[in-house]
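Contents: one structure, followed by commentary.
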Amino acid sequence: SKRRDMTVFSGLFLGGLPPELRSATLKLTLSSVKDREPFKGWITDVRVNYTQTSPVESQEVRLDDEQSRLCAREDVCLNGGVCSVLNDQAVCDCSQTGFRGKDCSEEDNYVEGLAHLMMGDQGKSKGKEEYIATFKGSEYFCYDLSQNPIQSSSDEITLSFKTLQRNGLMLHTGKSADYVNLALKNGAVSLVINLGSGAFEALVEPVNGKFNDNAWHDVKVTRNLRQHSGIGHAMVNKLHCSVTISVDGILTTTGYTQEDYTMLGSDDFFYVGGSPSTADLPGSPVSNNFMGCLKEVVYKNNDVRLELSRLAKQGDPKMKIHGVVAFKCENVATLDPITFETPESFISLPKWNAKKTGSISFDFRTTEPNGLILFSHGKPRHQKDAKHPQMVKVDFFAIEMLDGHLYLLLDMGSGTIKIKALQKKVNDGEWYHVDFQRDGRSGTISVNTLRTPYTAPGESEILDLDDDLYLGGLPENKAGLVFPTEVWTALLNYGYVGCIRDLFIDGQSKDIRQMAEIQSTAGVKPSCSRETAKPCLSNPCKNNGVCRDGWNRYVCDCSGTGYLGRSCEREATILSYDGSMFMKIQLPVVMHTEAEDVSLRFRSQRAYGILMATTSRESADTLRLELDAGRVKLTVNLDCIRINCNSSKGPETLFAGYNLNDNEWHTVRVVRRGKSLKLMVDDQQAMTGQMAGDHTRLEFHNIETGIITERRYLSSVPSNFIGHLQSLTFNGMAYIDLCKNGDIDYCELNARFGFRNIIADPVTFKTKASYVALATLQAYTSMHLFFQFKTTSLDGLILYNSGDGNDFIVVELVKGYLHYVFDLGNGANLIKGSSNKPLNDNQWHNVMISRDTNNLHTVKIDTKITTQSTAGARNLDLKSDLYIGGVAKEMYKSLPKLVHAKEGFQGCLASVDLNGRLPDLISDALFCNGQIERGCEGPSTTCQEDSCANQGVCLQQWDGFSCDCSMTSFSGPLCNDPGTTYIFSKGGGQITYTWPPNDRPSTRADRLAIGFSTVQKEAVLVRVDSSTGLGDYLELHIHQGKIGVKFNVGTDDIAIEEINAIINDGKYHVVRFTRSGGNATLQVDNWPVIERYPAGNNDNERLAIARQRIPYRLGRVVDEWLLDKGRQLTIFNSQATIKIGGKERGHPFQGQLSGLYYNGLKVLNMAAENDANIVIEGNVRLVGEVPSSMTTESTATAMQSEMSTSVMETTTTLATSTARRGKAPTKEPIGQTTDDILVASAECPSDDEDIDPCEPSSGGLANPTRAGGGREYPGSSEVIRESSSTTGMVVGIVAAAALCILILLYAMYKYRNRDEGSYHVDESRNYISNSAQSNGAVIKEKQPNSAKSSNKNKKNKDKEYYV
């Protein structure tokens, strides 16, 4: 029966059945027992489940204790005879002992019918010799049965064994489908019997432990002919063989052979302890010979008794002994397990000579998913075929683990087979027994008891292996090794980590522990144990490495960290690429792979660029990673057409990630296994794909980064890479670090090691009239632009391309801020780049501008990002040339309205990426204009802390720098020359400057500086007065030897004084005064700045906050109200005269005055040059000549410096006022703004760089300059020019009542026609031309949609004033 378990529903009856079971209505499973006669006689030694038991109930049975008494003595029955009591006497049953006699003490050595096997009397049992032999794996007995074949229906096999090995053949006879096989299998006793039509298999295992415990165990196998009820529709009884196997007399398994074959016939050999090829024996569950001791191996049947152990020792002519056998029990060296602790460890075994047949068996145990366990290959042979390229082929054999599954790989020259040995994963930490057997083209691979057959393709039956057989991995120096593409673990550098034991090759044991010691193999431990603690619990992976528990080790995935090493402790090398750089790995031999593991980290600001590619010199094969529109694109092309595949579908592509050109580190991983592809970026979900076609082999000679140099088979060349690469690992090889450390000598590179700022192909536009024209920008559906720039200019056109209809794109600098202007057909749009400060700081800045297919526009400047979505048209249809750096002079007038530029870009551009194209701005130019040079030297001299003397302000310019000496009292290029100096003698004198009646300024902020020396205790140095009747004034004076200032701007007198500095000591002193509204500062020489804040300023702050929330259309009304408030509280109205010397005030000054500066006017210079508006009277004398700082070379700079001043200096009062509330005071920065240009009342609030129009305002500020520190502040002199003379004002007031309606209509008309006037700013001259200015109060501006003027700077000044 095939069923091993029996279900029992009744008691166990001995000797017969009770009457109730004989009822005719009761159906029994075996109905014939009802008709059997009850047993009469003795039944002794009753055991159930191996234990003695007592009956529960009996009928007509006498329980006799006499047997226990008579059989109690140990010497009643010897040699295992069974004692029973008959007629009150002890009787021995010797039938199962091989002995005879009353007490089973006489050896039964007569065998009927086989006279040659008759043996003499061996004496009594006590003197009986035991026949023992020791087998060490290569020895065995072979008894020839050819002269006396066995034909039996009942037989018995007995033997005893002692071993430490888990597997081994103990006995075998028969061949083909008629055999008996007894073996030790994984520590259990295995019996396989086949009588011609099917095998009976039994496996006896101990309850605890294994039989390979180095103790003696007795095995007995019996086979008897019995009648057995058939199962099925026939329901007939047949004669079957009952088979019983017992170990140590208590472990018994019973079953029946299949069908009705009852005879065992054998004319072959009896093998004991092994065979010449155990793996090839029919039915053999093991492939190796026995290692240990065998005792008293006996086979007997009705006709013959073969004492095989005795015959071997006595040298029977039919018994052949192979090997040197010791006929005694010796200790056999155990095959100790070993542990491969690292993927790099391995053992080299001798060449496996298994051309026709062979077998390998071993046990393994691991928790790791991947590893090469066994590998060997034959001599390389070149395969040439008209349809195939020349390639190297080898015979090979491999057993590997991939993803937890065990695979057999074999190629005998006619094609490769790859067999998954087991469907379940085998990396669960348990022991698995692997047995590989082959005979020609066919064979099996079995794991534990599950066997998988195979048949190799083609006709070749010879496995020609010529190299060593490697166990556990491969040597680091793989020169001379040929790795077939099908052996993925070899190409992926996956060494095996785990335990191996009991390695047998062709039935011969291999002491791999001893081999490891001889080879001094690192990372091999002569034991196997599994640690219970999980290694990752201690967080061994540093720098955010991802930990995985391996076999008694932790495994760190460092691919996303930028570090290398077992614990991610070593920083990985960075390579910097500038678009002309590369690293190329030229492999020593052509590689063919079917599986790849690729990982790398990159950082780039470009949306396009090649990251890594494998290339071939002979095919289009490639595995390529590149940036494509900010995403990672994987392309795999296996050149199926070239090798004549039938189902080529072209390259496979996968995309992953988004906006990866953000100048941050990103990690890319690629895993290919045959046709399966997986692409991962950072921690995002993996993208997967399946390759079409039957071809899976990738050929490559090179691994390239930065630039693809092998372009012969490329239909299109990817853009060069600009950025940084790190941790490039291809199939376990960290190539960047291998190249840097000199570990490999096949690197070629010009990329630079280390993290470096990338400035690729810089070009200098030396003048604002310089520009280049390139081919039309291709940005129809989407766009990715990138460039770097460096400049000191506030304004300039960087990029311009026009197109069909109104389509265009512009990138420009406006007041130091970047603007992106475009029109896709729905009207022009402006996006202002975000930056903390103006970008004209002579530093490199990175700019990325993109537009995706959903019309999401992104502007990124360094790390600041601005986005905006637009509706409507989605395509940018450009047609004409692309201009870089500017356009022709006559084209500025026709630029779109939102474009501010009136001149070109002066400075450097680099790393220009035009939607994936890297143009050479000079070589690729259709034409060039002006001075354009390669490289970027920048200003030959730059502003340093000590560039300008005496607290002069350094102004960086592209061709150098200049010094603003306005507030120093000195002059000259570096503010270290004396300023214009007058001496006021005894009796006093005075220099008076008078503004023209129609040009008297009103200011919110004033700046005054002068140098002097005197010994007076009382004197007036400078006084500024307003027009008659207004009463506003400002006076710089000496009182009791201390310098001070008094001023009145419409309310009360305000005074500020430096009380600590003695200034009437005859030494030269410089005094600086600033005013912003009612706030004021005063500084003498290098003494700390004195600050003064009148009460009520919080009102202005609250008004400034409220002003930002005032509706757009009400802006003008509020502006006028705020202006009126300003006239009362903060504005120095209608300034008329500047009087120097104080003669009129009764305290004439005596001493020296130098370098007077007031709101852009250098009055002493003007006096020395005989200015018509200056009157000199009294004892005043010019010292020397006018300083010659106004040379021809520096006229423009000097004028600009004299007419302008630091932006933030004018707001020192404001800044320091907030400092008293806990904010840091503001230094005087580098910057400039024109002083004497008209500015409007408080304008609509906006961002600093905003140039959007608001409600009608007055003209603009020429040459606005930003401070290096951030927000824009009021200029040195915010001037409100009087629109008419005082007489005109009187007439206007008188006529106001009569002309009220007319004035209102006129104002409305002017508001609705804001584009009547325009102005042009010339930075080098500081003047306003083409100004449509009547004799009114303000200069009108163009309407909002026209090109904007720079008056926005003045708007911000008003806003900053209120803050």
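Quick reminder: no glycine exception, Cβ is built from N, Cα and C everywhere.
These numbers come from a predicted model, not from an experiment.
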Q: Could you tell me which of Cys92, Cys94 is bonded to Cys77 by a disulfide, according to Swiss-Prot?
A: Cys92
Q: Name the residue from Cys528, Cys541, Cys547 that Swiss-Prot records as disulfide-bonded to Cys536.
A: Cys547
Q) Cys556 forms a disulfide with which residue in Swiss-Prot, given the options Cys528, Cys541? A) Cys541
Q) Swiss-Prot pairs Cys936 with one of Cys908, Cys963, Cys965 in a disulfide bond, so which one is it? A) Cys908
Q: Compute the C-alpha separation of Cys908 (disulfide bond) from Cys943 (disulfide bond), stating it in Å without decimals.
A: 18
**Q.** Spatial neighbours of Cys963 (disulfide bond) among the disulfide-bonded residues Cys71, Cys83, Cys94, Cys293, Cys541, Cys547 [C-alpha, 10 Å]
**A.** none
Q.
Return the count of C-beta atoms lying within 10 angstroms of the C-beta of Cys293 (disulfide bond), excluding that atom itself.
A. 22
**Q.** Number of other Cβ atoms within 10 Å of the Cβ of Cys94 (disulfide bond) across all protein chains
**A.** 21
Q. Sequence gap of 6 or more, C-beta under 8 Å: which same-chain residues meet both conditions with respect to Cys499 (disulfide bond)?
A. Pro337, Ile338, Thr339, Phe340, Asp363, Phe364, Arg365, Thr366, Cys528, Trp551
Q) Can you tell me the three-state DSSP label for Cys536 (disulfide bond)? A) helix
Q.
Rank aside, I only need the closest one: which of the recorded positions Cys83, Cys104, Asn1079 has its C-alpha nearest to that of Cys568 (disulfide bond)?
A. Asn1079
Q) Given Cys547 (disulfide bond) and Cys948 (disulfide bond), what distance in Å do their CA atoms have, once rounded to a whole number? A) 59
(Q) Measuring Cα to Cα, how far is Cys954 (disulfide bond) from Cys556 (disulfide bond) in Å? (A) 55
Q: Out of Cys94, Cys536, Cys541, Cys936, Cys948, give those disulfide-bonded residues positioned within 10 angstroms of Cys558 (disulfide bond), comparing C-alpha atoms, in sequence order.
A: Cys541
Q: Given the disulfide-bonded residues Cys293, Cys943, Cys965, state which is nearest to Cys104 (disulfide bond) when distance is taken between Cα atoms.
A: Cys293
Q: Count, for each of the disulfide-bonded residues Cys547, Cys948, Cys965, the other C-beta atoms lying within 10 angstroms of its own C-beta, and report the residue with the smallest count.
A: Cys547
**Q.** Alpha-carbon distance [Cys83 (disulfide bond); Cys77 (disulfide bond)] in Å
**A.** 6
